[in-house]
Each structure stands twice: as structure tokens, then as C-alpha cells.
Amino acid sequence: MARSTVLLCVLLFGLAVASNLRQKRQEEEGDADDQSVDELCENRPPDEYFRLSTEGDCRDVVRCTKSGIKQISCPSGLAFDVDKQTCDWKGKVNNCDRLEKPRKVLPILKTDEPVCPEGKLSCGNGECIDKELFCNDKFECKDQSDENACTVETDPNRAPDCDPNQCTLPDCFCSADGTRIPGAIEPNQVPQMITLTFNGAVNVDNIDLYEEIFNGLRQNPNGCQIRGTYFVSHKYTNYSAVQDLHRRGHEIGVFSLTHKDDPNYWTGGTYDDWLAEMAGARLIIERFANITDGSIIGMRAPYLRVGGNKQFEMMADQFFVYDASITAPLGRVPIWPYTLYFRMPHKCNGNAHNCPSRSHPVWEMVMNELDRRDDPTFDESLPGCHMVDSCSNIQTGEQFARLLRHNFNRHFNSNRAPLGLHFHASWLKSKKEFKDELIRFIEEMLDRNDVYFVTMLQVIQWMQNPTELTSLRDFQEWKEKCDVKGQPYCSLPNACPLTTRELPGETLRLFTCMECPNNYPWILDPTGDGFSAK
């Protein structure tokens, strides 16, 4: 009994000491806060977290709010990385000795009176340089501020806001908020287009899945088979299978040559990186899948890490028609695809915030986020998901079925913007019930007369020539690939065992109906002919 009393006394004394120390520290911090909140928060973005001290365990950070400074702490065992602005394992954080992420000097773009001659703008240090030198990936200001305000909203040479008088179909389409229907057609006369897209290598792991979904018996209301779009990555792809998908009327796009697993490689990629990765991947597909009709016109960035203006400059130069990597945040009304001549109509969502800020002659087949709530009438809001397999709460076939129908209704009952269902084949194969539910959904939709499963290119073709449902059975652009012609090019492809100096120690098989190349095609040698010019 006496021992428990002693323990209780010690505990109470400890709590009192801790309380006094905490109160004293809060008083000291309170004084510091009163003195310096204005200084600390001056010119600081409201979403930036920073440290008040480098002492302690690197878990505590604060940010500025209208009501003062708000503190958060990382869970035990983690530390706050001020560069990445997130909690991470303590061993991975190497900036605990810094209070804040480096402050970039911003140019002085808005002033009451002009401070520079016409056609010039002010660097952060007051130096005046030509407006077109801002955001060109070269430091022209002595303080380097000309490359620090280059977002879709701040780039001085950004694309202008949508002007429907200048932006007219078939070459240009935009609207202020992205929700307007092309051709001003009444929603009940718009076909609900659904795009099934698949990312990654096409090979023995997934060919059977594609055969089952697209079995030749499922037809759109115009009598043509349903079609999908494949964004193909190079390594492990069976090019004879890609050749047959193309023969059967599916669309082939590119998903990069190397599919490097460093997301920053894509976000910060140079023009030459994007050229080698995407034009190189297209060259390989055209050569080894024998696609000679110039139909590979679309691309998707690995990890959806958009490469900013550099990616889109390369696309325009290489005659890529569309990108399918930018996501639009979940909203009440979904967004239609748009061209990038004018400013994009939604926030740069995810994608490491490296959306193109300039004007580009490229279509953006925007990925509308899916609403993944189990019961949308009751559940609290959850962030949307862009790929179906990134909807991490979908664990059962029943949940997947609800996701498909709820998102179909969101699109169908509003502006009928195309519904994108984007997959990695491995997710659909991970549970038989996922594949079964997708097929059940497709068949249910095809029992209607207002739903079409189409490729990305077919969406653009409809948008360029908006046609009401009543006339769609004879819509010529969708009839072009209606019939499947011919037989598979070869029944037994070459299984070429190849190496390349770029991937030492690896022997890779290249399956193709074409002749085997000398080397395994890779980034410096996309034809596989070898490095030396012949």
C-alpha cells in the first residue's frame, strides 16, 4: 500500500513539473509569437510548413493561418522533410538542421506603375529583362528569379484564357470551366462515350484478359465492335500481340521506352529525354509491330508525371496529337477533353504540379477523377482517384460494380463528358470478380442505345464533328475501323533473344513477326541496329 502511495506522489510531482515546464515554454513561445508572427508569415504561402527551431526531434512544424500559427507533429519515428513538405522515415530526412525550404526569389511582375520599359519585366532585384526570357529554363536574371514563377497561373508567357470566338472546332476546343459540350448539343443527344485504357507491356500475362474483354461479339449501337486504347511500354512487350490488337481496330499509344521508376526523371525531363522516350517508343512499335499507317498519335506519361512545357513542345514537333496524363480533380460536373492553345480550365492536380503553362497545339485527354465512395449519398467526401487501381478502398467485386455505375451516372446525368476507365491489367487479373464485373458492366451498357465504348482518337473525332445520337449510326469517322480485316500477320512470332550494351548482363526476348534486330532496342539504339552508323 505504502509503495503505491509513493509511486502516486512521484507521478503527480512529475506531471506538475512537466506542466510548469510546458507552461513556461508556451509563455516564451507566446512572447516570440507575438513579436514575430508577422515577420515569420510575410510573403510565405499558407500551405508551407516550417520549423521554429532546429532543436528537438525534427517532428514539429508550423504553418501560417489567418488566426495565427498552427502546429503539427509527425508521428513517433518519423521526421518532417521541409523540402518535400511531408513526414518521412527519420533516416531519410537530411534537412533537420534547416528551418524552412529554400526561399526562391520571385520576380516583380505586378506593380502599380510600370517599372520596366514596354516588353520587359522586372527580376526580383529590379533588373529589367525581355518578357519572353522568363520561364525558358535558362537563368537570365542575376538573382535567377526569372525561372521561379512559371506555373500555369504565373508564367508571364502563359497561354491566354479561353476565347471561344478564337477557339473553334475542328482544331481548337476550350471552355471557361471545361464543362461545355462541343457543338452546344443538348445533353440528351450526346452519346455517353466510355474509354477503356490499359497502361504497360502487352504480353502473355495479359493477352488472355484482352481477348476476353474484346471477344469480337460485343458491339456498340452502330454495329461496330467495342474498342480500347493501349499505352504500351517497351520492355517485355510482345510486338506480334500489339500488331494483332492494331489489326483488330484498337488504338495503340506510347507509355515510354524505359519506364524509369524515378518519378522525378519524368517531371524534370528535358526536351531530349521526352523525345528519346516517346518518339523512340513509337519508332520501336512501328517497326516491330509493323504499324505503318501513322496511327500512333497519343501518349501517357509514366506515373502520370507530366513533363511541363518541354514534353508538349516535343509532342508538337513530333506530331503527337494528344496527351492522356493530366488529371482533373473530382468535381460536381466532369470535364471534356480540351486543346492546349488556351489555358487549361482546371487546377493542375497532382502530376507534381508540372502542367504546361504555354500554348501548345495538342489535345489533352484529361483524366477525370473517379468518385470512389461506397455510398455517395451518405459517405463523407474522399479524394478522387485517376486510375481505377489507385482507388485503394475498392477491395471486392461488389464495390467495383458500385464504382462503375455511380461514376457512369455522374457523367451521364450531367454533361456526358467521356468516362475514362484506366487500368493496369494486373489489377483486373488480381481478382476474377473484378474482370467479371467489368464485363457485366460493359454488357449492361451495350443493352442501351446511347453508350459507346471507343478509343481516345474516336473521342477526338466526335468532338471535331459533334453529331447527335440520332445520326450516330452513320457517323463516318467511327465506321472506318468497324470491320476487322485479314488474319493475324503470323501465327508463330520470332522470339529473338537479344542483349544491349545499355543493359549489361540482361538477355531479353523480343517477340515480333518482323526480322530480329542485332541488339535489344533501347534508349540510345531504338532500332536495335547498333550504335555505329552503317
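From the backbone N, Cα and C atoms, a Cβ is placed for every residue, glycine too.
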Among CYS116, CYS135, CYS141, which cysteine is annotated in TrEMBL as forming a disulphide with CYS123?
CYS141
If you have TrEMBL open, could you say which of CYS135, CYS167 makes the disulfide with CYS150?
CYS135
What subset of the disulfide-bonded residues CYS135, CYS141, CYS150 lies within 10 angstroms of CYS128 (disulfide bond), using C-alpha positions?
CYS141
What are the sequence-distant neighbours of CYS135 (disulfide bond), meaning same chain, six or more residues apart, C-beta distance under 8 angstroms?
ASP146, GLU147, ALA149, CYS150, ASP155, PRO156, ASN157, ASN309, SER357
Given CYS116 (disulfide bond) and CYS123 (disulfide bond), what distance in Å do their CA atoms have, once rounded to a whole number?
10
So what's the average pLDDT for the domain 'Chitin-binding type-2' (38-98)?
87
